[in-house]
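So the structure is just underneath, and the comments pick up after that.
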Amino acid sequence: MGSIVLVARLVLADVRRHQVQAAMLLLAVTVATATMALGLSLRGVSDAMYEQTRAATAGPDVVALSGDTGPAVTSALAELADAPEVTAHHGPYQVVYADLTTRGSTSSPVVVQGFAETPGPLNRPLVTSGRWVRPGGAVLERGFATALGVGVGDHVTIAGRSYPVAGIAVTAATSIYPWAAQIGPYGGPSDYTGLAWMTRADARALASSRDLPVTTALDLKLRDPAATESFIDAHRVPITFHSWQFTAGQDMVILRNSQPILVVGSWLLGFLAVTGIAVLAAGRAVAQTRRAGLLKAVGATPGLIATVLLAEYLALALAGDALGLVIAHLTAPAVASPTASRIGGAAGPDGATVVAATVLAVAVAVLSALRPTLRAMRTATVRALSAPAHQPRHRPWLTALSALLPTPLLLGLRLTARRPGRAVLQACSTATTVIGIVALLVIGAQPERGYGLDGSSALPNLRGEHDRRVMLAVTVLLIALAVVNTITFTWTTAMEARANVAIARTLGATPSQISLGLSTAQLLPSLPGAVAGVPLGIGLCAMFTVGKWTLPPSSWLFGAALATLVVTAALTALPARLAARRPVAQALSAEST
Amino acid sequence: MNEPSPVVDVRGLVKHHGEGQGRVRAVDAVDLEVPQGQTLAVMGPSGCGKSTLLHLLGGLERPTGGEVRLAGRRIDTLGEPALARLRRRSVGFVFQAFHLVEELSAAENVELPALLAGCSRREARRRAGLLLERVGLADRARHLPSRLSGGQRQRVAIARALANDPLIVLADEPTGNLDTAATLEVLRIFEELRSAGQTLVIVTHDERVAATADRLISMRDGMFVDDTRLAGAGAGPVPEAGTGTGWLGGLIGLEG
Amino acid sequence: MQDAVLAMLAKEPAHGYNLRARLQRSLGPLGGSMNPGQIYVTLARLEKAGLVVCERADGLPERPDRKVYALTPAGQQRVAAWLAEVGWPKPDLAEFHLKLAAAAAARLADPVELVAAQRRELLRRLREVQRAALDEPAGPGAGLLLEGVVLRLQADLRWLAACERAWSANDDDEAEDA
């Protein structure tokens with residue numbers, strides 16, 4: 001008990017003293033876990049929303065569809081309706097393939113379903129605004145209406161005839177917009193299609209007026225809703241069946257890219273978090289080693305010391321984890337449902353998501369704190385109390401290399417020769433950022449078919465838009481963490497090199513030589529990072545893309561790497577300049593005490 | 001004959017640290033001339049402003065008032081880059097804490113100023129070799145500072161201070177961290193510099209270091225309270241009585 | 001001792017017991033070892049040497065000792081010479097201490113100046129010894145002996161620095177009092 005109090009007290013004191021670092025750890029873990037939790041919970045949220053829509057609209061268990069007309073189909077459907085497993089049915093009803101044009105002359109394929117004016121017990125679309133179909137008035141599916149920008153009271157032209165929009169509704173009988181057609185005309189493939197409802201009479205009139213293709217549909221309710229597979233297997237007739245499970249799965253198509261973007265993005269974010277925090281932790285290694293020595297001197301066991309050092313990181317990481325899960329929970333419905341075709345919200349994140357996010361948070365904490373903790377535990381008590389923590393190592397190759405370079409670069413390399421490990425971290429950090437930007441460019445470069453008539457982009461491809469938006473958000477987060485990292489790296493390096501900087505100043509180095517040196521010492525490892533980031537980003541995209549895809553122009557990729565370097569240079573300039581201008585006399589006297 | 005301008009010429013030098021009530025007059029209206037080739041020691045209790053004086057002479061700090069001239073050139077009005085060039089070519093610093101770059105070998109430390117001054121790598125290396133030989137450390141050139149003794153480190157620092165053949169060497173408590181034997185090593189090098197005509201200003205609280213100088217200034221509260229010629233031309237206000245080493249016998253007990 | 005007693009008389013003529021009390025004040029606990037008769041023996045010697053004269057004082061009939069001692073011109077010369085003297089054959093701290101006290105009391109000389117002069121002399125000696133020591137190789141030779149001399153001179157110089165601080169502060173106090 002006493003040791004828990006001690007650990008808590010030490011951790012609290014440390015967090016209070018290092019608020020910036022604590023905030024950074026919290027922020028980085030929150031961002032990474034929120035992204036991961038969001039990515040992992042997309043399917044669950046999508047399923048949950050389908051489930052809620054299905055409950056609210058008395059969704060059928062199976063929809064039977066046939067592009068043919070004629071007595072054979074009619075009798076086959078009648079047989080299905082009388083099958084022993086079926087407890088209720090709705091239809092058969094007509095599904096008419098037509099074009100829809102709005103006042104703003106946006107055109108889209110549409111399927112019109114002929115429904116009764118008073119809905120039956122099965123497949124009762126939920127009217128979210130306006131009212132249900134009446135003669136001469138159409139109801140639009142909500143996802144479709146939102147994409148068209150049409151509301152109740154507006155007029156739309158369907159197959160050349162104008163209809164007022166009587167209401168907006170949602171249904172679980174079809175997939176979300178733009179996959180409402182389920183099957184195409186005459187049983188063929190379907191294009192991106194919206195859904196509208198009319199009275200049976202209006203639908204029939206529409207179909208016959210222009211001789212439009214028609215599909216006959218029948219909604220069925222089974223005794224056992226889970227047994228859709230066996231029902232479909234048992235009725236091998238020339239009819240297309242869509243089970244509710246199939247429809248729910250079809251909803252995920254729009255999220256097919258978002259999920260890997262978010263999950264892989266969360267790995268990258270986690271990686272950036274580790275690099276940044278590890279550098280900060282290394283900057284404090286001296287103090288921590290000394291503190292560990294102090295604790296050992298008063299009789300603490302190595303286990304307790306490790307606990308104290310790790311507890312702070314773990315506590316902050318778990319707080320960030322909780323925060324990230326809450327953020328993921330709040331944003332999930334918006335991210336998981338880019339169309340308005342479903343209702344409801346997300347339940348809490350499932351166990352697997354919580355576990356995965358927590359594993360990520362703990363991994364970030366442990367990986368960043370591991371080295372200082374091990375060092376603090378291993379260092380002998382007396383040495384920890386007295387010796388400087390960092391034993392300088394001679395790196396003749398670095399000195400030899402620097403001799404070939406102009407003076408500021410030479411200075412930068414020789415003064416910051418302490419930690420090549422940090423150069424690797426800086427390179428990784430830059431590579432990660434470039435990977436994110438390259439992925440964004442790749443996604444932006446993919447050609448896509450709009451949802452309008454004949455692939456017109458008057459109605460944008462919602463899936464592409466969604467992918468780009470999610471990727472942009474992930475990239476922005478990556479860049480934000482990378483910016484914080486770069487500033488942290490430069491400042492930490494400058495602080496560690498402050499004695500050497502002061503010495504160089506007494507030897508006649510100008511502040512601009514020093515700041516240029518510090519900047520380039522940071523920038524140098526960024527160069528291979530940026531160069532490596534381009535192929536890595538392309539490789540990552542290749543791993544997660546199915547089928548053919550287009551590479552963005554190489555000038556874009558090159559420009560992205562170059563821009564990253566330029567921004568990195570600009571970011572290192574300020575801390576380097578501040579560090580180079582510190583009064584020399586002060587730095588020297590601080591060093592000798 | 002034209003009197004050459006003194007290496008150091010300071011008029012009414014004032015330096016304040018801090019502001020308002022907490023303001024400290026580190027250097028308070030000081031005049032000083034150091035002719036070419038003189039070794040000047042500045043003594044005084046800690047906090048008397050002697051280190052600040054040294055920083056002002058080397059352009060590491062800017063005076064609050066007054067003028068500082070190095071070899072006739074005013075330096076208190078120079079910009080930071082010009083000051084840096086001045087330190088590079090005309091001033092060599094030696095510190096109590098040595099202030100070597102810990103990651104660089106002895107030779108690489110000595111090379112630094114020459115490289116900063118734009119020397120070729122070969123030339124810098126050659127000069128570093130000569131200087132290390134001069135301070136008796138030619139065989140330690142490739143050692144890291146952490147593998148050298150305190151005295152050896154200070155000798156490397158002195159070699160580095162001499163790298164660009166400076167007008168003046170400014171030493172701040174150069175023996176403060178050294179034992180007797182290492183102090184003697186450093187004093188021997190100073191003695192050699194003195195005989196080679198190097199102008200040298202040493203801030204110290206070690207009487208034995210001060211006593212080897214040509215001239216001794218005592219500072220208190222930012223002001224000079226005493227200025228004594230110990231040797232060299234133009235003896236100061238000291239009566240010439242009592243010189244000679246006859247007193248020595250009495251002191252060590254050879255006489256009754 | 002003789003010089004110190006003479007210097008004390010430089011301020012004004014004094015009784016033997018007065019002189020003794022002032023000596024003891026200056027020396028503090030060290031003055032306790034002083035033989036009570038010593039001051040009179042010293043005064044008698046000084047009188048014999050013609051450096052002081054002895055006068056009978058009036059007005060204090062009840063006291064057995066009514067001799068008042070005063071400096072002769074020869075005595076005054078001797079005092080001046082002693083103050084200027086910076087020899088330090090064997091560091092006699094008590095003597096130097098008394099010199100400062102007497103100089104201050106009689107306002108014969110500025111003690112701070114006396115310290116500075118003494119310091120210059122000791123520095124000059126330290127310089128000679130130190131330079132001699134630099135020529136000696138390390139080891140148990142003459143260098144070691146010279147090191148001993150250096151350390152003693154250093155100690156003396158540090159004490160002089162303390163004297164200087166104390167007397168300077170004293171000056172400042174008096175300046176403020178005035």
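Quick reminder: no glycine exception, Cβ is built from N, Cα and C everywhere.
Residues annotated as domain 'MacB-like periplasmic core' in TrEMBL: A:26-233. According to TrEMBL, the feature domain 'ABC3 transporter permease C-terminal' maps to A:266-379, A:474-582. Sequence annotations record features per position, and here TrEMBL assigns transmembrane segment to A:20-42, A:261-283, A:304-331, A:351-370, A:423-443, A:470-491, A:556-574.
Of the candidate ranges A:304-331, A:351-370, A:423-443, A:470-491, A:556-574, A:470-491 has the most C-beta pairs within less than 8 angstroms of the transmembrane segment (A:261-283).
Only pairs six or more apart in sequence are counted, and the transmembrane segment (A:423-443) with the transmembrane segment (A:351-370) gives fewer than three Cβ pairs under 8 Å, not enough to call it a contact. Spatially, the transmembrane segment (A:470-491) is adjacent to the transmembrane segment (A:556-574); three or more Cβ-Cβ distances between them are under 8 Å for residues at least 6 apart in sequence. Across all of the domain 'ABC3 transporter permease C-terminal' (A:474-582), the predicted model scores a mean pLDDT of 86. Residue counts of the domain 'ABC3 transporter permease C-terminal' (A:474-582) by helix, strand and coil are 93 helix, 0 strand, 16 coil (DSSP-based). The residues of the domain 'ABC3 transporter permease C-terminal' (A:266-379), classed with DSSP into helix (H, G, I), strand (E, B) and coil, number 94 helix, 0 strand, 20 coil.
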